[in-house]
Amino acid sequence: MNETTSNEDSSAHFDHPTGLRLYVVFLALALSVLIVGLDASIIATATPRITDTFSSLSDVGWYGSSYLLTACTCQLAYGRVYQLCSIKWVFMSAVLIFEVGSLITALAPTSSAVIVGRAISGLGFAGIGTGSLIIIAYAVPLQRRAFFTGIIGAMEGIGFIVGPLLGGVLTTRLSWRWCFWINLPVGAITAIVIGFFFRPPRQQPTPTFTQDLKEFDWLGTFTCVPSILCLLLALQWGGSKYQWHDFRIILLFVLFGLLLIAFTAVQRFSKATATISSRIARSRSILFGASFAFSLSAALAIFSYYLPLWFQGIKNASAEASGVMLLPVILGMIVGSIVAGSIVTYIGYYLPFMVLSGILTPIAAGLFTSLSVNSPKSVWIGYSALAGFGAGLGFQQPILAAQTVLDQDDVAMGTSIMIFAQTLAGAIFVLIQNLKKEVPQINPDLVLEIGATNLRAAIPAQLLDAVLKAYNKAITRTFYAAVAMSALAFVLSFGMELKSTKKVAHDFRRQFSPCEEASVYAIPM
């Protein structure tokens with residue numbers, strides 16, 4: 001009798017929960033991902049009311065970017081913490097941090113307090129996104145995991161699209177503060193469910209808190225976090241607050257490069273405590289998977305930012321209506337994620353969906369470049385659905401690849417790396433947006449200042465047609481970047497190893513005694 005069989009027999013003496021308990025945990029994780037998706041996008045409709053409350057027009061950019069800054073900079077550090085500490089308690093701590101940030105934002109007496117609250121929420125978001133997928137990795141066998149990760153990805157997409165719609169309703173009928181109050185009960189439910197129903201496996205002997213502190217990569221964190229922070233601040237300020245050739249922007253880029261080199265050196269020489277161990281760094285699937293995730297997420301960020309601007313400026317849609325018009329992208333992505341997850345669960349191979357995603361997404365991005373002022377509804381709906389479906393097919397596959405090719409001890413960091421790549425791409429390609437001057441008679445900053453929804457009211461009638469065409473040209477040009485990034489994802493997919501979730505001996509139960517297995521492991525057939 002082999003070791004796995006023996007463990008399964010022995011585990012029969014322990015009271016494992018039924019399949020219902022698994023789905024209760026999964027529902028809690030889905031809710032947690034939903035609220036962070038909501039929080040990432042709901043700020044768009046809350047911002048005008050916040051600026052009205054505090055007369056803080058100069059702070060507008062920070063309401064969204066402070067969230068992205070902390071979410072990106074702390075992502076890899078969370079991966080290391082999840083490796084060293086109890087998964088359950090780290091996840092619950094991340095939920096608590098997110099809740100504290102939401103509470104501060106909801107009660108904020110000043111604009112600065114809103115920014116601080118958003119930054120704290122972003123710190124919690126970084127741990128929730130990674131932690132939900134790590135808990136799934138411990139709760140669901142690898143061969144069935146694709147479907148569950150697909151649903152998690154779909155829930156984040158739902159949150160992203162519902163955010164502006166819900167934000168519009170709350171700010172109109174109640175107050176912008178309710179955009180953040182709603183996070184509190186959902187987060188509380190998530191923490192309670194995970195606390196009572198999920199018991200992660202523990203290695204023997206259990207390391208002490210002091211040992212965990214010694215094994216944490218402090219030097220790596222102190223070089224990685226400011227490195228990413230310098231990059232994102234340079235992109236946030238460049239071309240807006242300061243010119244790109246300003247010494248402050250140049251200094252930030254130089255510091256980013258130097259700190260990145262320092263972080264790489266620390267990882268190379270701090271083998272025992274390195275955030276990214278050499279065995280992870282040498283993995284072909286991790287390198288190409290993270291690059292694929294970055295490229296595909298960059299294309300998605302371009303879609304999600306510029307399509308609403310096109311709807312508002314060209315189709316004269318309100319901010320709320322433009323969120324509705326983005327539904328084909330989100331619904332397509334949800335369907336793509338679920339379809340890919342279901343089929344991967346059945347066949348075991350995730351690579352074909354990365355390749356297919358790399359084919360369909362650049363085609364859709366290319367079609368977006370052909371949009372005109374007179375494009376009918378059927379055209380942009382079809383293009384949007386194709387873009388979402390193509391991206392959805394490949395979005396979760398790098399995470400599944402990391403959990404397939406890595407040893408159990410490295411799954412937390414591998415998952416964190418993939419989410420870091422996705423988050424960083426979204427932050428970069430949103431922060432560097434810029435609209436060029438196309439009509440000599442129009443102030444180059446006019447469109448950005450008055451907003452896309454007020455375009456027709458602010459432009460003289462004799463110039464409106466020319467301005468709309470110029471605006472359309474400026475927006476559709478940005479989709480060439482999406483073509484390039486998604487096409488790069490196609491190329492990168494061929495660097496992945498051809499692995500099957502059904503053939504890889506990657507069962508977490510083999511490394512732990514039966515009584516220490518994840519207690520939600522039992523799944524009904």
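Here the Cβ of each residue, glycine as well, is placed from N, Cα and C on the backbone.
If you look up TrEMBL, you'll see 20-48, 90-108, 120-140, 146-166, 178-198, 218-235, 247-266, 286-311, 323-343, 349-368, 380-399, 411-432 (among others) marked as transmembrane segment. The domain 'Major facilitator superfamily (MFS) profile' annotation in TrEMBL covers 25-501.
Two recorded stretches are said to be in contact when at least 3 C-beta pairs lie under 8 angstroms, sequence spacing 6 or more; the transmembrane segment (218-235) and the transmembrane segment (411-432) meet this definition.
Tertiary proximity for the transmembrane segment (178-198) is limited to same-chain residues at least six positions away from its ends with a CB under 8 Å from its CB atoms, namely 17, 21, 24-25, 27-29, 31-32, 34-35, 38-39, 42-43, 45-46, 88, 91-92, 95-96, 98-99, 102-103, 105-106, 117, 121, 135, 139, 166-167, 170-171, 518-520. Outside the transmembrane segment (286-311) by six or more residues, the chain places 160, 280, 317, 319, 321-323, 325-326, 329, 333, 354, 357-358, 361-362, 365, 368, 371, 384, 387, 391, 394-395, 397-399, 401-402, 405-406, 414, 417-418, 420-426, 428-430, 433, 452, 472, 475-476, 478-479, 481-483, 485-486, 488-489, 492-493, 495-496 with a CB less than 8 A from a CB of the stretch. For the transmembrane segment (349-368), same-chain residues at least 6 beyond its ends with a Cβ under 8 Å from one of its own Cβ atoms are 146, 292, 296, 299, 302-303, 307, 336, 340, 343, 383-384, 386-387, 389-395, 397-398, 400-401, 404, 476, 479-480, 482-483, 486-487, 489-494, 496, 498-501. The average pLDDT computed for the domain 'Major facilitator superfamily (MFS) profile' (25-501) is 79.
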